[in-house]
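Sequence annotations record features per position, and here TrEMBL assigns transmembrane segment to 48-66, 72-92, 330-349, 355-373. Annotation source TrEMBL lists compositional bias 'Polar residues' at 209-222, 242-251. The annotation region 'Disordered' is assigned in TrEMBL to 209-251.
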Amino acid sequence: MSDIGTKGSAKRTLTSVLPSLRPKRKHLRKYSWLPDVFRIKGSIISRIFWPVTTNTLFATIIAYAWHNGYRIMLTNSVVPLLSVVVGLILVFRNGSSYDRFWEGRKCFATVISNVRNLSRQIWVNVALPPSDQDDTPSKKGKAPVPTASQLHRIKSEALHLCLAFPFALKHYLRGEDGLSWSDYHDVLPKNFARFDEVGYQKSKSDLTTSYHTISNKSSGRSSPDLGRGDATKRVRPKRSKQNLPSQSTPLLSDAVTHRTVEFRPFADDNSLPLPLIIAHEISRLLFYFRREGLLETVGPAGMNAMNALVQSMVDNMTAMERVANTPIPISYGIHLKQCVTLYLFALPLTLVNDLGWMTIPIVTVVAFTFMGIEGIADEIEMPFGNDPSDLPLDRYCHDLKEEILYIIERLPDSGEGIYGYDDGEGDD
């Protein structure tokens, strides 16, 4: 009984101590109402200020004319008919725009998920053959099996290629060509070719198509003419597109590597988006891993799963390309603005006889409501740009970059550092 009492008191003491050891829960974000009501930054007010002001001035003119004895009015049966039509059009407009915004977010999230999964599988499952199979001499014409350090470097480049896909996709959707953007600096592998400015073909002396880095300074060649048009196919630029890159050619090294690839300017108009080139190189690396026996731990099923992830990345890129390349028809937007304007200009003519000078604030509030809904829909229908209301693609890519670099720098690969699980029972 004493033991039971001792255990009970210890349990009560532990229970009383545990709450103080638990981390305190962070306070939930307070629901704000008045701060948002008076908030200008991030709202639609700056976008619709002048159209609303125009309707307010028109209502002021009507009220002033009524005050001076002019009876300019419409029957009240006109406005209800217009209000129903305008309301339905605004609801459809706002819903379709948000569907485009949400589809872009889902597709980009799927790309990030695929990059995470593919990077983890490459980092863990790509490994050297077992030691009992490594003693056999290499077959004639077959490249020797890479060493552990070489394989680690190749896998690092593979993860950088996976990371580069969403970065290239972001610039592709924004219509930003080239590899001269500053966020490519430590994302793309250093030996990645400048596919967007120069082409490459197989050398007659060496049929291997490996990566290459070229420097205009060291080679003495003049840079290709970049003014003959876009080297890669791009979607329609957004209104907030930045035409000039923030940094020039950060990927070029000071010396030419020893790769045997002949570079030449594009001789025709054929092109390929940079994300598809990166996906192509990832698939080539997966083929290399499988051919050299570096994917024996997962077999053909694992190889197919990795290829399926690459295919899903391309599929979601095509879905986002569809959103970016298919804006809402301009005739629809024009007609909506015309209907809203007609309704707002007819509203003071029907209210002035009953409300007098109060027509002015009422028309201002109605115009703010209707034009605000249309302005929000217009802002979010193209979600891949640099506007404040667009998707924060830069932050998504930066967060993913931190994750992939953490894997490369800190996490063990291919069974390194794995030890047996100690269940506390000791050896048998």
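Any Cβ shown, glycine's included, is placed from N, Cα and C.
Automatic prediction, not curation, is the source of TrEMBL annotations.
Comparing 48-66, 330-349, 355-373 for CB pairs under 8 angstroms to the transmembrane segment (72-92), the maximum falls on 330-349. For the transmembrane segment (48-66), the list of distant contacts is 72, 344-345, 347-349, 352-353, 356-357, 359-360, 363-364, 367-368, 371-372, 375: same-chain residues at least six beyond its ends, Cβ to Cβ under 8 Å. Listed as Cβ neighbours of the transmembrane segment (355-373) (distance under 8 Å, sequence separation of 6 or more from its ends, same chain) are residues 44-45, 48, 51-52, 55-56, 58-60, 62-63, 66-67, 86, 90, 93-94, 340, 343-344, 347-348.
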